[in-house]
Amino acid sequence: MNFEFGAKRRDPYAWLEQSLATIHRADWYRSVQPINGRPGATVVLAGQEVINFASNDYLGLAGDKRLMAAATAAIAEFGTGSTGSRLLSGHRELHRELEKAIASTKQTEDALVFSSGYLANLGAITALVGKRDLILSDQYNHSSLKNGAILSGAAVVEYPHCDVAVLKTQLSQQRQNYRRCLILTDTVFSMDGDLCPLPALFDLADEFSCMLLVDEAHATGVLGKTGAGCVEYFGCTGKQLIQIGTLSKALGSLGGYVAGSSALIDFLRNRAPSWIYTTGLSPADTAAALAAIKIVQQEPQHLAQLWRNIHYLKTLLQQLPNLKLLPSESPILCFQLPNATDALKAGKQLRDAGIFAPAIRPPTVPTSRIRISVMATHKVAHIEKLVAALKDVI
């Protein structure tokens, strides 16, 4: 291909408008709308009060006064920013308190807090594998897992969603050609709501001498008897693996973590670039997350209420035979629509009815859908209003 320069120079930014036009034609265009006030089961969105079924604040803790008080107290004592990398001036004892609390919750030897869950995935994956290694990744994994795999320089092979048989075949054919192998999976898939086949993945990791990294972002605080996550839910606590998660969903704050063996965490402190070369998590976010973990541990009623709401909604949705509901074992419930145009129309109809459950479209997902996120703070009336609105949409 020949590109002409010199006297016939073209605007090097012109392609941006052309690309945006293509996005508009495909009904893939996205924009942001302001939400006012505290987070909760109802919010004011662009001036309209709506019932919020789009939030990942599963336990309703982001608006809890105790988290806000903890954040305020941390600001008063430590200031607004951590002021540097944790290896320089950015480390506070508060960070270690949070890491110990995470390790206690996950029943691991140690944990390491990152500035976001996305950065935790990037840092861990790029530190653990490189050019002589192999990554096997579920095709529906989160963007942070996929991008971490690419950045690592390892050979990356995707396996069909939750297909253990194909994964085993891939390992049989390729594992012997690489130094190290890392299996990557979300535990709760954020755009579907289903769970990974964790026990079977453990079996394959053992059989083929692979490391196993699981992203518990949508499972932490939500699954398992104590809310420790999918690892607890499947009875796999104590098994050797790498657990990654976020502090910004059920825990109502901001940040991410890696939990595992002492050797793993010590290694990441020395080799994870997205931890080493960034400012430490702010005191306010750290304190809020620590307060949230204490609430989850001491007040199981929030988790119990979340699951009562999930079961009630599922029972009501069974009365809608035309609803193409995807399999789910989490607070995330999705129903498919034929195309992006229909999904946008359904999202608008719900919004007009006072329900915020926006359309999810390609390229985020392979097929367009409406995604519903259940919270512990939803009332029975909120759930019933959602189902009544869906009857008019479907």
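Using N, Cα and C of the backbone, Cβ positions are placed for all residues, glycine too.
The substrate binding site annotation in Swiss-Prot covers Arg30, His142, Thr364, and the record cites similarity to another entry as its basis. Other Cβ atoms within 10 Å of the Cβ of Arg30 (substrate binding site) number 9 in total over all chains.
Residues annotated as pyridoxal 5'-phosphate binding site in Swiss-Prot, with similarity to another entry given as evidence: Gly117, Tyr118, Ser190, Asp215, Glu216, Ala217, His218, Thr246, Leu247, Ser248, Lys249. Secondary structure at Ser190 (pyridoxal 5'-phosphate binding site), as computed by DSSP, is coil.
In the three-state DSSP scheme, Lys249 (pyridoxal 5'-phosphate binding site) is classed as coil. Of all Cβ atoms in the shown protein chains, 27 besides its own fall within 10 Å of the Cβ of Lys249 (pyridoxal 5'-phosphate binding site). Look at Swiss-Prot and you will find Lys249 tagged as N6-(pyridoxal phosphate)lysine.
Residues Gly117, Tyr118, Ser190, Asp215, Glu216, Ala217, His218, Thr246, Leu247, Ser248, Lys249, recorded as contacting pyridoxal 5'-phosphate, have a largest CA-CA distance of 15 Å.
Residue pair Glu216 (pyridoxal 5'-phosphate binding site) / His142 (substrate binding site) shows a Cα separation of 11 Å.
His142 (substrate binding site) falls outside any helix or strand according to DSSP and counts as coil. The distance from the Cα of Lys249 (pyridoxal 5'-phosphate binding site) to the Cα of His142 (substrate binding site) comes to 15 Å. Neighbours of His142 (substrate binding site) among the binding-site residues Gly117, Ser190, His218, Leu247, defined as a Cα within 10 Å of its Cα, are Ser190. When the binding-site residues His142, His218 are compared by the number of other CB atoms within 10 angstroms of each CB, His142 has the fewest.
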